[in-house]
Structure formats: C-alpha cells, structure tokens
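**Student:** What TrEMBL lists as domain 'RCC1-like' is 146-480. The repeat 'RCC1' annotation in TrEMBL covers 162-213, 214-267, 268-320, 324-377, 378-429, 430-497, 498-533.
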Amino acid sequence: MDASTSRTSSVQYHNIAEQPIAATIVNSTFQRQVRHCFGNATPGEFPLSANPSIVLHVLTGCNLDPQDLATLEATCSFFRQPANFAPDNELSLAELAALDMCRKRAIFKPMTQEQCHDLKQKCGGSWKLVLRFLLAGEACSRREKSHAVAGPGHSIAVSSKGGAYSFGSNSSGQLGNGTTEEEWRPHPIRSLQGIRIIQAAVGAGRTMLISDTGKVYAFGKESFGEAEYGVQGSKVVTTPQLVESLKDIFVVQAAIGNFFTAVLSREGRVYTFSWGNETKLGHQTEQADLEPRPLLGALENIPVVQIAAGYCYLLALACQPSGMSVYSVGCGLGGKLGHGTRTDEKVPRLIEQFQTLNIQPAVVAAGAWHAAVVGKDGRVCTWGWGRYGCLGHGNEDCESAPKVVEALSNVKAVYVATGDYTTFVVSDDGSVYSFGCGESSSLGHNTAAAEAQGNRHSNVLFPEVVTSLKQLNERVVQISLTNSIYWNAHTFALTESGKLYAFGAGDKGQLGVELSANQTERAIPERVDIDLS
C-alpha cells in the first residue's frame with residue numbers, strides 16, 4: 001500500500017467523555033436548537049471546542065491539502081489556538097494535523113527529531129510547508145507508487161509493492177540479472193528480493209534503483225556519468241551493487257543525464273557527480289571523480305522536490321514558502337535552460353518566466369533538447385529546441401524561455417513527459433496528448449489508417465489526442481519515453497489499475513512484448529505482461 005493511502009493514525013484522543021447511546025440520542029433530540037460547531041455558547045451535540053482532538057482526527061482522516069489547512073488557520077481563530085496536547089502543546093490544530101500527516105509519509109518516518117526539525121526550518125518553519133514539500137515530491141516523481149522508465153534500449157518497471165522488473169538491451173549488464181544477454185520478457189531482479197524499490201533511473205547502458213531506506217543500487221556501466229560512448233565505464237556490473245559514495249545520503253530520486261548523474265536527498269538537497277571540470281555544475285571536479293558533490297549557489301538552502309536530467313543540463317523543481325519554482329544549470333544550447341538566452345549556466349539559476357506567466361510549477365520534465373512544465377492550474381509550458389514540433393506551438397522554432405502551449409488551453413494537465421524531440425501530456429481525465437517527432441511510431445498516432453496512407457512516421461506540430469490509448473478505456477496516470485539522442489524511442493503508458501502498455505521501437509526487447517520476425521517496432525500500444533498494481 002502506498003504511504004499516501006495509509007489510514008493508520010497517530011492521533012491521540014483526549015478528554016472524550018464516554019456517553020451511553022441513550023444519552024446521545026436524548027442530546028441530539030432536545031439540544032438540536034443550540035448546536036454550535038465551535039461551542040462559543042453552549043456546546044451542542046458535537047462539542048468540538050471541548051475536544052479538539054476530534055477536530056484533529058477529522059483533519060488528518062480527510063488528508064487535507066496543506067493549502068486547506070492554511071486557509072482554516074487564516075479564517076478561523078479556533079484553528080490558530082494551541083491544541084494543548086502531545087506531541088507539542090504549543091502547536092495549533094492546523095500545524096498538528098500537518099505534522100501528523102507528515103509522519104505517515106514513508107521518507108519521514110525514519111527521520112530523527114533533529115532531522116525533522118532541520119527539515120522544518122529549511123522548508124520555512126512550518127509543518128504545513130513540510131507537508132507540501134513531501135506531497136509535491138511524491139506526486140511529481142511517483143515515489144512509493146508504480147512506475148515505468150523507458151530507457152535507451154532497455155526498460156525498468158517498479159510495482160507499487162517495490163518489486164523491480166527489467167527487460168531489453170543488456171550489453172553492459174544493465175538488466176541486473178547477472179548476464180549480458182538481452183531479454184524481451186520482463187523479469188524481476190531477484191538479487192533485490194526483500195528490498196523495496198521506490199524509484200528507478202535509466203541511462204544508456206546503466207541503471208540506478210533507490211530503496212525505501214534511501215540506499216542506491218547501480219548496475220551496468222561502472223562509471224555513472226561519462227559520455228555515452230566514452231572511454232570510461234568499460235567495466236560492467238551485471239548485478240545491483242550498493243553505491244558506497246552515497247551510503248551517507250538518504251536518496252529519494254536519481255536522474256541520469258549525458259556526462260553526469262544527479263541524486264536528490266530526503267532533505268531536498270541535490271548532488272551531482274562525474275560532469276567534468278570548469279565548475280559546470282557549481283563545483284570543481286575531474287571527469288574521473290565519482291564522488292557526489294552538493295550543488296552550490298541558489299539551491300544550497302532551498303529544498304528541491306524533483307530533478308530532471310537532459311542532454312548536459314539539469315532542472316530542479318524547488319519548494320519555497322512563496323511557492324514552487326524551477327532552477328536550471330548546465331548547457332544552454334537551443335535555449336533549453338529557459339532564461340531567454342542560449343548561454344551555459346555553471347550554477348543553478350531561477351527561471352523567472354514562470355512568475356511573469358503567473359504559473360506555479362507542479363511537474364518538470366527534461367527532454368534531450370527541450371523541457372516542459374505543468375502548472376498547478378493545469379497549463380503546460382515548453383521551451384528549448386523546437387525541432388519536429390516537439391514544443392507543440394505549431395512550428396519548429398526554438399524558444400529560449402517557457403511558453404504556454406495554447407493548443408492545450410482547454411485541457412487541465414496533470415503530468416508531462418519529454419524525450420528526444422517528443423512530448424506527452426496527461427490530462428486530469430486520463431486523456432493523453434502527444435506531439436513532436438513521429439519516428440519509431442513512439443507518438444502513438446499510428447493507427448491502421450495512418451499506416452495504410454504511408455505516414456506512420458509523420459511529425460506532429462500541435463498536441464493531438466492519442467486515440468490508441470483512448471480506446472483502451474483505461475485512465476492513464478504516467479507516461480515515460482526514451483530520452484536519448486542515440487537510440488530509437490519507445491513509450492510506456494501506465495494506467496490507474498497498474499496495467500502497462502508499450503509502443504515504439506522494440507528491436508532490443510525494450511517494449512517487453514515479443515515482436516514477429518523482421519519487426520522492429522510496435523505502432524499500437526500493447527499490454528506488457530506484468531502487473532504493477
């Protein structure tokens with residue numbers, strides 16, 4: 001069961017007098033005319049002010065949003081008053097409710113009291129802000145939930161119970177099954193049995209898996225971060241190995257880009273390693289240096305909830321008291337850093353355009369050459385290299401700053417995924433839209449009619465509904481697509497019920513479905529034979 005759906009309550013009930021059922025009936029009959037919710041006169045049949053723990057139980061049981069708790073506190077003095085019971089007599093009911101819901105989160109449970117206090121101060125001194133930080137991280141990277149990763153040539157799927165499956169290319173041992181033989185059938189990584197995996201990251205020839213205890217396991221090319229086909233990383237690791245350099249960091253997410261790897265700690269700090277010299281990522285290091293180094297500059301004291309890696313650049317979704325924001329660092333070719341220029345950034349820099357657009361970023365995606373964000377209000381912004389129409393603006397122009405995709409103005413988006421000149425958007429009703437490069441049939445628009453007309457690989461300049469997914473009558477909750485310039489792309493669609501569908505290139509078995517003789521891709525989504533629910 002996901003931590004987010006846990007119904008276990010740590011609320012302690014206080015001063016709730018036991019009453020016979022008959023007395024309760026009498027009260028409800030004869031005191032109905034003096035019923036007061038907050039008991040500012042004579043408490044009626046629901047004496048909430050006399051028993052604030054009842055209110056706290058309601059607040060936590062309903063899993064209210066941090067914004068809702070803040071609204072209650074701002075509009076009613078009752079919720080601002082000290083609750084006068086453990087764990088902190090001085091906290092208001094709204095703050096106690098937020099703390100109680102924080103304690104239900106999987107990554108919060110093992111934290112010491114000192115670590116919890118430090119996180120609270122880093123988030124702005126409020127448990128409501130800590131709760132917002134934790135919930136945002138779970139939502140945008142699907143931590144603690146099932147997900148699939150369509151990597152370059154191979155794929156990883158993680159079930160809601162924490163089981164990890166691998167399939168596809170295996171020339172560097174990136175499937176983690178002890179061999180270097182490719183395999184199209186999804187198989188569990190047996191050496192990780194008993195270890196719950198909460199997140200996966202995939203690069204060319206390498207895989208990283210993160211456990212619920214913050215440990216990182218890596219396999220494939222030994223050197224995580226070198227050039228895709230560089231001289232480093234010639235040694236291969238065919239079974240998951242604990243990354244010793246990260247053993248003192250509680251990791252919750254990893255992102256593998258070209259020339260570098262990044263990890264995100266439980267406390268919201270970003271670490272990178274093996275990106276080379278010249279302070280390209282806020283710290284000086286040699287190319288052979290595999291020690292994780294914390295990002296310096298603007299993100300040193302700002303908690304990050306999600307990281308996304310593209311070709312030589314990194315995006316970070318940060319959580320500040322004033323709201324969510326996006327920072328970028330690395331190569332600015334094509335304008336993919338979003339600052340209105342095409343220059344490189346050696347330290348993280350705030351993308352200011354979202355403030356101009358009045359958009360609160362909620363999910364960030366980094367493609368090879370372009371990027372995208374979904375706002376809290378459901379708007380979608382794209383920027384970077386617009387080749388093949390991957391920005392969705394009806395042309396192939398570059399955009400060096402985030403620009404709203406007007407063609408999706410009537411759609412409330414909740415998720416976005418980017419690849420090598422391709423983009424997918426998931427709406428709140430589970431519909432999926434895609435645009436960009438149609439190579440390898442990875443956009444999902446290749447119906448039988450399109451194939452008969454000979455345009456099965458045509459590019460799409462504006463967002464179009466992926467009808468082949470619509471016909472599944474399944475609500476899609478996640479899309480993953482290949483994010484590499486060296487491999488033909490494939491795409492995964494994960495449904496709410498835990499079913500995984502694949503389409504696109506499958507020449508190395510990365511789709512998880514068997515192809516017929518001389519077939520190299522699948523144009524129509526096909527069910528992968530694993531249950532991720």
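From the backbone N, Cα and C atoms, a Cβ is placed for every residue, glycine too.
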**Student:** What does DSSP give as the helix, strand and coil breakdown of the repeat 'RCC1' (498-533)?
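**Tutor:** Secondary-structure breakdown of the repeat 'RCC1' (498-533): 0 helix, 18 strand, 18 coil.
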**Student:** Can you check how the pLDDT averages out over the domain 'RCC1-like' (146-480)?
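**Tutor:** Mean pLDDT across the domain 'RCC1-like' (146-480) comes out at 89.
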**Student:** Mind checking how the repeat 'RCC1' (162-213) divides into helix, strand and coil residues in DSSP?
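**Tutor:** The breakdown for the repeat 'RCC1' (162-213) reads 3 helix, 24 strand, 25 coil.
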